[in-house]
Every structure is written in structure tokens, then in C-alpha cells.
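Straight from TrEMBL, the features:
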COMPBIAS  A:85-101  compositional bias 'Basic and acidic residues'
COMPBIAS  A:112-122  compositional bias 'Acidic residues'
COMPBIAS  A:286-298  compositional bias 'Low complexity'
COMPBIAS  A:309-319  compositional bias 'Basic and acidic residues'
DOMAIN    A:13-34  domain 'C2H2-type'
DOMAIN    A:37-58  domain 'C2H2-type'
REGION    A:84-132  region 'Disordered'
REGION    A:228-341  region 'Disordered'
Amino acid sequence: MGRKKKRPIKPWCWYCNRIFEDEKILIQHQKAKHFKCHVCHKKLFTGPGLAIHCMQVHKETITAVPNSVQGRTDVEIEIYGMEGIPEKDQLDHAKKVRDQGGPKNKRAKTEEESDDDSDEDQNMFNMGPNMGMGPMGMPGMMPNMGMMGMPMGPMGPMGPMGPMGPMGPMGGPMPPNMRWPMPNQRMMGPMGMMGGPMGSMGHMGPGNMGNMGNMGNMGPMGPDNMQNMGGNMQPPPAFGEANPSVNEGPPKPDTPSDSGSAPKPLFPAASNIPQPKSEEAGEAGKSGPKLLSSGSKLMHPGDDAASLEEIRSKLDKYQSPKPSSLPQAPPMHAGYRGKVY
Amino acid sequence: MSMFGSSTPAFSFGGGSTNHNPMKDIEVASPPDDSISCLEFSPSTLPGNFLIAGSWANDIRCWQIEDNGQTVPKAQQMHQGPVLDVSWSDDGTKVFTASADKTAKMWDLASNQATQVAQHDAPIKTCHWIKSPTYSCLMTGSWDKTVKFWDTRSPSPMKVINLTERVYCADVVYPMAMVSCADKKLVCLKLESEPQEYQKFESPLKYQHRCISIFKNKMQNSPVGFALGSIEGRVAIHYIQPTNPRDNFTFKCHRSTNTQPQEIHVVNSIAFHPTFGTLATVGSDGKYSFWDKDARTKLKGSEQLNQSISACAISHNGNIFAYSSSYDWSKGHEHYNPQQKNYIFLRNCADDMKPRAKK
């Protein structure tokens, strides 16, 4: 029961509109093309992540995501794979794909499948336009969860980001899902479940990985799973607004825009988080103590490309006076590359 | 140990002003005139305790530390540039000194003569004496991106290891050596028949490495891991072969708690207690701390000195903790005051560094 609707719609990159066979490849593409630091080539996980990295490590502000198409350059939008894509863009893309896919089999398949299945499928299909990758959404999300867990790990040490940090990318994809399932009682189940623990996992840092892994395993969920998880809908406070909506029950195929207007609790928070950090980090530029994110100052002069001793030894006072076998002009500089202070 | 020579007024509680010896520890007589870069106590092969300190005044000084706390200046040697590291020979008869003048010297204490035994193309940042059953040599690490091993009888190194970046810190506890460079690469060397590269590690820290100290396990008394300090107020405890990946961890230290924004200080030196396995860290925040890495707790934190603590050492019998109060350049050139006095303090740490009793 799980696969049918999502599969035909292939993952696509919000930044450049390219289409991919599966989400893993999409993510690899994003990391290599859009989230790669132009200075040190480090691959980050999201646009905001890249912005923060450039600010903290290289003291550079980036205003646009590299290799992105017009209108999709926003550094603050938190996209990871297919998650975080604003619904308007998903709708646009889905429309384009359908229009182009007319002659292909894809379209036919989708129609067949939705005809075969009843409410559920329709619900999924509703999510389709909303999510832009509707049929992909569910199974797509699962592996994401699993994978998301992994990136959380290395991101854990990005401690200065605070507890919201790891939440950010997780929060991003979650709320959109949370809202659409609102019309969809059944879809709510698994979504809610994932959201809940993820909400709390944000604060566990490395602990996220374990839970995320479990999420991943819950991938192909059937209605039976939903029943179990439906019960778990209650706890997550972040998704509290979802709960009352669950009771609304009947799918609202015509109101994707309504659900779209509901506030995304975590997403704006997630995209807000990078801002203050980059502002703070931006103040640091001078040769004095560096300002890290979350308002802390590194007591180290210049940048950290040189050690304290190297910086100090450049002082005339410490230069070796007597000429030995080597040319004495700047004896400390001979043979080693320290950054000029 | 009786207190003498220290004329410290009661330290202020206001938090604003600190004095130069808030812990009322013993002041070593005749400290160097410029920042102390390194401290090391004599090995157990020498009766008593001798302390060596290298400084930015290009000198290396030696004191005898008597049991009653008296510190007797014994001898001094000079380099032609700031001294960056010192190392005692295993038999306590020689002291090796590494300098920014790109040489390392062997100081024979008996004759008070120093001869050059090593040469690099850039300042030598670390020197450690290696004593193995089959050979002995001096290991020097330099900003010229090499680690060289010197049989002191020969002007050419017996081995050279080329690295990708300048050597920033190193430590030797036979049969293991650790070297870390400016690019945060960590190299572990085996020293049994000859020094050779054994394993490379990914850095457990995100910031520049500043100091490293190897620790041993209690049972077999053999080196099993190292503590690594960075410029970002953090120390990583890393086992070479952890039984469990969670054995390795990092902890924050030397960060101000009462300032806004929080000040994150550099960790200047780490020293392990020879028998307890606990460690001491000193930082540019002017404080020293004792930690129990197995219980993962802090044993003691000192009051704040009015100057950074640039180096530390623990005596071979684990009784004396020495630390130097000197400007370490952590606030840049602007805060350097050549007139400010430098101090070396001694403290009895036999109790303070005892591991936390297991509950």
C-alpha cells in the first residue's frame, strides 16, 4: 500500500530545478553544487548552514546560494533534499512536470494508481500538489528521516547554534508535512509520530541519530502503523496545532492553500536562527578577539591560521640578532609560512 | 611546605580585580624576565626535584625545589631566540632546549655546558627526549613542517618525518609519540625499534590545536591516549584504541562565566598526574583546573590570576604542581606589557588531584 502514489514524481532541486532519480542523489547534488563552500570546499547540509559556516570560519557573507537559478537564490530558505520546499514552488513544479510528462507514462501511472485506491490515495494525492512530491512524500520522508539523523550527528557539535540548531533542518521539513496531514487523518499518524520525537530530539543532539534511524525504519508504514502512532500524536507540543485539526478528518483536496496559510511553527524559527548568528559572527572581522555565534568571543588575535607563538615571534624584539649560517633579515620567516599579522 | 617569599595580600572577592597570586601558592625565586613558555620537572632518576623553565627572554633557568618549599636558582643557559620547549633526558643529567632560533641544544647540567644538537629551517616548537631499550634520541618538531630525530652525537638527523603543516605541539611517553600540526592533523608514532608513523587521527576538535599530553592506563601503565587542548577553551580526551567510541569525548574549559559575551580562552598546557591519571589544564583566562577524565568531572578550579597561565608541569612524584603566570599573546600585541612581572608558582597537588572516589 505504501509506494504507489509518490514514486512517479521524481525528486527535484529547488535551487536549480534539476530532476533526479532519487532523493539521495538529489541531496548529494545539493551538497556538491549549492551547499559547498567556495573558500574551503567544505560541504554543508543546508543553505543557512553554508551561510553560517562562511561567516564563522571565513568571515564572509554570502548573499546567494551558489549555482542557483533566478529567484531561488535565497540563502535563508532551509531546503534539504525535497524538504523545506515552499508549497507554491512545489505546486509550480508539479504543474510543470505534469504538463511535460503528458506524453510520458508517468502521468498515466499516477492516474491509474489514484483511481485504484480510495480515500487514502486521494489524500496522498492531495498532498501531492501541496508537497510537490506528494506520492514521493511518505516513503521519501522516511529515508530522509534516517538520513537526516546522520547529518544531525556531525551537526551536533555545532553547539553554538544552540538546541534549535539541530532542530532547524528537522523542523523545516516537518511542519509542512504536519499541516497537510491535517486534512488527512490517516496521513497524520505517521507524520505526527515523526514530528513528535523529532521535536524533542532537537534537544538531544547526538541522540537524534538513534531516533532518526528508527524513523527511517518506519518507512513503509501501513494503516496499522498509523493506528499505533495516531495515539502518539498528543505529546508533541510543537505540533499542537495539528492535533485539533486531526479531528477535522475529511480530506480537503481543495484547500491546500488554506493549510498553506497556517503558520509553520518551526520553519520560520529555523530560518530565523541563522540570522542572529550571522549578524553576531559578522561583527567579528577585526584582529581582536573573534566573535563566535551565540555571543561568545575567542581570545585569540588575528585568525587562527597562526599560533600565538608564531604571531609573537614576528615582533622585532624576538628576532634573532646575530647572523648565523642563514640570512638574517627576517629569520623567523625563512622556511615557514605564517600569516602576516 | 612552608610558605616563603610570597607577599600576597588577601585576594579580592569583588571579581573585578585579581591579584598575581590569588591561590597563595609558592612563588619561585628569580623568575625569567619575559613570558615563560615551558616548564618541566626532573625525572625520578634524579633525587629531589629540579624545575626547568624556558622563556621568551631566550633563557632557560633551573631551580632546585627543596622539600620545605624553598626554590634555589641553580643555573641558566641562553639561546639566540625565545625558548619554546624543554625536555629532560631520562637520567636527569641533561636538559634539551628548543628555540625559535631554529636550533635545539643539549645542556649538560654537570658541566653547565650547552651544545647544539639539532637544526631546522624554522623555529623549533617542540623537543622531547626518547629513550628506548635500543636507542635514544631527541625528537624535535618545527614550524618547517618536519619532525626530526637526532642522535645527539651526530649533526645529521637519524630520521626525518615530513608533515603537511607546521608542528604545533607534541608529546612523548615511550613507546608512543603524538604530533599535531597547524592543519589539526594528528599523527601517532610508535617508537620501539625506531620512530615510525603508526596512525593518523581526525581531529576531535574544531579549532587550532595548542597542546597535547599523552596519558597512560592505570593497569599496565602504558600510554593509551592523549588529551588535546585547543584555542577554543576545549580539551579532547582521545583513546588510540577506544573499547567504545563513547570513551572519547571533549569538554569545555577556561571560559568566562560572568562576562557578556562569554570569553573563550586558549588552553595553553595540559599535564597529567603521574599516578592518579587526573589532569591539570591552564589557560589564558589566568586559571588552572584539575580534572578527572574517568569520572568526567572537574576536581578543582583555581581563582583567577591577573595574567594568563602560560605553562604547567607536575613533579615526577606527583606532589608539586608548577604553573607560570605570563602573558601568552592571547589578546595580541596591544596587551603586551614588558614591564609586567612573570611568575612561577608551586602548589602541593597531592590532595587536589586525587581522582574522584567512585560512588
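Heads up, residue numbers simply count up from 1 along the chain you see.
Every residue gets a Cβ built from N, Cα and C, even glycine.
Just so it is clear, the model here is predicted, and its values are computed rather than measured.
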Same-chain residue ranges lying at least 6 outside the domain 'C2H2-type' (A:13-34) that approach it to Cβ under 8 Å: 43-45, 47, 50, 65-69, 72-73, 77, 79-82, 84-85, 89, 93, 97, 136, 140, 143-144, 147
For the compositional bias 'Basic and acidic residues' (A:309-319), the number of residues DSSP places in helix, strand and coil: 8 helix, 0 strand, 3 coil
Helix, strand and coil counts within the domain 'C2H2-type' (A:13-34) (DSSP): 11 helix, 1 strand, 10 coil
Number of helical, extended and coil residues in the compositional bias 'Basic and acidic residues' (A:85-101), per DSSP: 15 helix, 0 strand, 2 coil
